[in-house]
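Novice: Mind having a look at this structure? Questions to follow.
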Amino acid sequence: MDYQTIPSQGLSGEICVPGDKSISHRAVLLAAIAEGQTQVDGFLMGADNLAMVSALQQMGASIQVIEDENILVVEGVGMTGLQAPSEALDCGNSGTAIRLLSGLLAGQPFNTVLTGDSSLQRRPMKRIIDPLTLMGAKIDSTGNVPPLKIYGNPRLTGIHYQLPMASAQVKSCLLLAGLYARGKTCITEPAPSRDHTERLLKHFHYTLQKDKQSICVSGGGKLKANDISIPGDISSAAFFIVAATITPGSAIRLCRVGVNPTRLGVINLLKMMGADIEVTHYTEKNEEPTADITVRHARLKGIDIPPDQVPLTIDEFPVLLIAAAVAQGKTVLRDGAELRVKETDRIAAMVDGLQKLGIAAESLPDGVIIQGGTLEGGEVNSYDDHRIAMAFAVAGTLAKGPVRIRNCDNVKTSFPNFVELANEVGMNVKGVRGRGGF
C-alpha cells in the first residue's frame, strides 16, 4: 500500500496515540517471567509487539490478547519456567524483539533460533553477540546478522561492560542476561539512552543499582507480577507534533503521552527551533511520567543539533528532518550513524525523499545537512520503513502539491491506526493501491 497526501488547511482536535512500543515490548517480556498474573493496559497491538507476544507464547507463557481493548493478561511462568520452542522464533521486523530475546535466552537451559524478515536479517547483531559471549553465551550467526542460533547456558557470569555507543537495546539485552548470571552485571553507557527496562525492573520489584552512567543487576532474583498501564508513544506523537508545528492554523492536543526524560529529544530540539509546545497535566504511573502535549503552529529556524540530544531523539529524526526542511536556515545533524542501521538507512532515505520534494539535503557519514526551503509535491519511497513513511506523510501537510509515499505497509509494525488518526486531526492522508500516479 502507498500513502497519498494533499496539503492540509491546519490540524485541530485532541487525540490519544497508541501505547508506547518500547514499553510494550519490555512489559510483556518481564510479565512473562514474573510470578503471578499481570494485566497490561494500553499495549501496542502493532506487528512488532505481537511478534514478541508470539515468541513468548511459543515458550510456554500464557498471554491472553484482548486486541480491541489493547489489553494483555499475562500468567507469568517465573524466572525458570520458559520452555524450548518447537521451531525458530520469528521476530518479524523488530530489532528490539530480537535483541531483548537474545538477552533473555542466553541464560536458558535450551537452545533457540531467532530470525526475522529480510530487513531484520540485515541488521547488525555483533553489538550484542560480543558482550553476551563475554558472559559465557554461545551464539552462532553468519556475518553477525540474523538468524541467530543461541545455545542456552544457565551458568552465565556477570560482567562490567562499557557500551561503545548509547543503545537502549544493547543495554536492555545485557540486563536481561544479567538476571540469569552469577554475580553482578554492570553496564556503563557513554550517554543516557531510554531507561524503560530499568524502570520496569523496579516496577516488577527487582532490585537494581543505578548511578548517572551505570546500571547494575545481580542474578538470582525474582520478578513479581504487577499490573501496568502503558502511556502513549512519544515516537508516534512526534508525527503530529511536527505536523501541527509546521502547518499554519494548527492547534492540537495529544493526551497521556509518555514524557520519559530519556525520550524528550524531539521536544527539546523543536523548542530550540522555535516550536510552540506546552506540556501539561504531568503525572507519574508505573514508574513512567505522562502528560498532555499541546502544539500550535510556529515558524522554525534551523539549528546545529547538540550531540547529547541525538540518543534521546534517535527514532524521531525522520520526522524532525521534515521540520528542518521547512525551517529558516540550515540544520546540521552529526553523531547519528546509528540511523544508517535501522529498518533502512534512514539518512539515505530521508535525503533521497527530501531532494525529490525540492529540498537541498546533503548526506554526511553520520548525519545530514538540510537547508530549509519549500516542499514541493512529488513521489518518494519509504524503503519499507514505517517511520520514513509517516515522516513524508507529515511533509504532505505543507507541500505545495500532493505527495505519494511508496510502500507503506510497514506502518502496521508501530502505528496501525496512523491514517485514521491523521485524518481525524486534518492531515489528509489516504492509503492507495496500485502504481498509478497523481
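Using the three backbone atoms N, Cα and C, a Cβ is placed for every residue, glycine included.
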Novice: Hey, Swiss-Prot has 3-phosphoshikimate bound by Lys21, Ser22, Arg26, Ser167, Gln169, Asp315. Any idea which of Lys138, Lys285, Lys342 it lists too?
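Specialist: That 3-phosphoshikimate site, as Swiss-Prot gives it, pairs Lys21, Ser22, Arg26, Ser167, Gln169, Asp315 with Lys342.
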Novice: If one measures from the C-alpha of Gln169 (3-phosphoshikimate binding site) to the C-alpha of Arg123 (phosphoenolpyruvate binding site), what distance in angstrom results, rounded to a whole number?
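Specialist: Gln169 (3-phosphoshikimate binding site) and Arg123 (phosphoenolpyruvate binding site) have their Cα atoms 13 Å apart.
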Novice: Rounded to the nearest Å, what's the C-alpha distance separating Arg387 (phosphoenolpyruvate binding site) and Ser167 (3-phosphoshikimate binding site)? Just drop the number here, would you?
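Specialist: Arg387 (phosphoenolpyruvate binding site) and Ser167 (3-phosphoshikimate binding site) have their Cα atoms 19 Å apart.
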Novice: Give the sequence-ordered list of residues that share a chain with Ser167 (3-phosphoshikimate binding site), lie 6 or more positions from it, and have CB atoms under 8 Å from its CB.
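Specialist: The answer is Arg127, Glu189, Ser193, Glu338.
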Novice: What is the interatomic distance between the Cα atoms of Arg123 (phosphoenolpyruvate binding site) and Lys342 (3-phosphoshikimate binding site), given in whole Å?
Specialist: 7
